[in-house]
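Per Swiss-Prot, these features apply:
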type: ACT_SITE; residues: Cys408; note: active site, nucleophile
type: BINDING; residues: Cys73, Cys79, Cys82, Cys162; note: [4Fe-4S] cluster binding site
type: BINDING; residues: Gln283, Tyr312, Asp333, Asp381; note: S-adenosyl-L-methionine binding site
type: DOMAIN; residues: 2-60; note: domain 'TRAM'
Amino acid sequence: MVVKVKQKIPLKIKRMGINGEGIGFYQKTLVFVPGALKGENIFCQITAVKRNFAEAKLLTVNKASKNRVKPACSVYETCGGCQIMHLAYPKQLDFKDDVIRQALKKFKPTGYEQFEIRPTLGMKKPDHYRAKLQFQLRSFGGTVKAGLFSQGSHRLVPIDNCLVQDQLTQDIINKITQLVDKYKLPIYNERKIAGIRTIMVRKAQASDQVQIIVVSSKEVRLANFIGELTKAFPQVKTVALNSNRSKSSEIYGDETEILWGQEAIHEEVLDYGFALSPRAFYQLNPQQTEVLYGEVVKALDVGSKDHIIDAYCGVGSIGFAFAGKVKSVRGMDIIPEAIEDAQKNAKAMGFDNAYYEAGKAEDIIPKWYKQGYRADAIIVDPPRTGLDDKLLKTILHYQPKQMVYVSCNTSTLARDLVQLTKVYDVHYIQSVDMFPHTARTEAVVKLQKRV
């Protein structure tokens, strides 16, 4: 390795990496530079030297890309929540197409060079789209601040005006910090592991109803806090307390208690409504969720005799799009509260052909097959870690005729396709921009069992 830490070097950026960083070569050494764009000539300083590459921080842009824009966010460079706000939005969509191609080229699933990769479906107004926030609380000189940890650190960046966050949720978290200060509520201390760690605020787009989770490592008295908050924001319908006494970086503990208000808020997608409890998973971008689920519906060709498995089903929202036209829908999720929501939602909509069970997909699906259930199609919407090996083996063993893979991580998607393409043909990959200004890429993959 010819470069050293703190060394300053000129660099020509050849391409962009999957995390939104610029990539160039310095005397045959691969260098990753966050904030740099393809085609730019820059000056940077080496911050880390690894076995096969180096990392650097951008110092100056000597020749800027015509696609570079000035981020409107005042904490963009320190926050780390967004990675590509300095790239013009139409080019962000092109970047996400390329991220998929890079992942496929790295893992090389069967036939990947012939896969149809459709242009990413973007937003008309790619700002204030996040309907949910999870901000950390810390004390700064005796004043409470809420925000996000800077990339790769435990240093909190206070945020009072996030440009990708729904404005109501931002207004509410700003009020919460004032009230935590006012009522002298205990703030988390990493040394003592005590106090309020995190605040979750989520808004349902259809109803404007809001739910809040206070994550704390100790008991806190919130009666006055709740009274003043709900008076200021009548949209708040639920306040819950989650107990997390763990030393780990996990946001939530296992126990969540409704302190005030209703058990769930009302949301809608694709013309059907459903209940959403505080701990249940739902997509962060309601506008693009309509687009994403619409693409899932397009990708499956099913009828009245077909049976569908909706793995990682959450509150059942994807499966409900099919329940009215198929023989049966079965779903599972590891969060019991989500399954309770799914069961209640199915009953409320009159879907007596929908069945939901709490647990891991890799455990429940083999059990269903042993009981004689046979799925004609399966929908998987796994976390960023991708499909569990046991679930992959189960799918390859039972081989449903159709499959839709909804991915939030192109690397694990490409990895899983290496196994799935042993049995299935990939008809196309359709990316949907769920997270503008970030490097995160969401994609819907249509797969058909090979004849």
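Every residue, even glycine, has its Cβ placed from backbone N, Cα and C.
Feature map: Swiss-Prot annotations on the structure.
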residue	record	Cβ within 10 Å
Cys73	[4Fe-4S] cluster binding site	20
Cys79	[4Fe-4S] cluster binding site	19
Cys82	[4Fe-4S] cluster binding site	21
Cys162	[4Fe-4S] cluster binding site	23
Gln283	S-adenosyl-L-methionine binding site	22
Tyr312	S-adenosyl-L-methionine binding site	21
Asp333	S-adenosyl-L-methionine binding site	27
Asp381	S-adenosyl-L-methionine binding site	23
Cys408	active site, nucleophile	18
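The recorded positions shown are Tyr312, Asp333, Cys408; of these, the one with its CA atom nearest the CA of Cys73 ([4Fe-4S] cluster binding site) is Cys408. Here the CA atom of Tyr312 (S-adenosyl-L-methionine binding site) lies 26 Å from the CA atom of Cys82 ([4Fe-4S] cluster binding site). The residue listed as 'active site, nucleophile' sits 8 Å from Asp381 (S-adenosyl-L-methionine binding site), taking the C-alpha atoms as the reference points. DSSP classifies Asp333 (S-adenosyl-L-methionine binding site) as strand under the three-state reduction. Taking the centroid of the Cβ atoms of Cys73, Cys79, Cys82, Cys162 as the [4Fe-4S] cluster site, the other same-chain residues with Cβ within 8 Å of it are Pro71, Val75, Tyr76, Gly81, Met85, Ile159, Leu163, Val164, His437. What surrounds the S-adenosyl-L-methionine site, by Cβ distance within 8 Å of the Cβ centroid and not counting Gln283, Tyr312, Asp333, Asp381, is the set Phe281, Ala311, Cys313, Gly314, Ile318, Pro382, Val406 from the same chain. In the domain 'TRAM' (2-60), helix, strand and coil residues by DSSP number 0 helix, 36 strand, 23 coil.
Here Cys162 ([4Fe-4S] cluster binding site) is compared against the binding-site residues Gln283, Tyr312, Asp333, Asp381, and the shortest C-alpha distance is to Gln283. Looking at Asp333 (S-adenosyl-L-methionine binding site) and Cys79 ([4Fe-4S] cluster binding site), their Cα atoms lie 32 Å from each other. For the pair Asp381 (S-adenosyl-L-methionine binding site) and Cys79 ([4Fe-4S] cluster binding site), the C-alpha distance works out to 28 angstrom.
According to its DSSP assignment, Tyr312 (S-adenosyl-L-methionine binding site) is coil. Here the Cα atom of Cys79 ([4Fe-4S] cluster binding site) is found 22 Å from that of Gln283 (S-adenosyl-L-methionine binding site).
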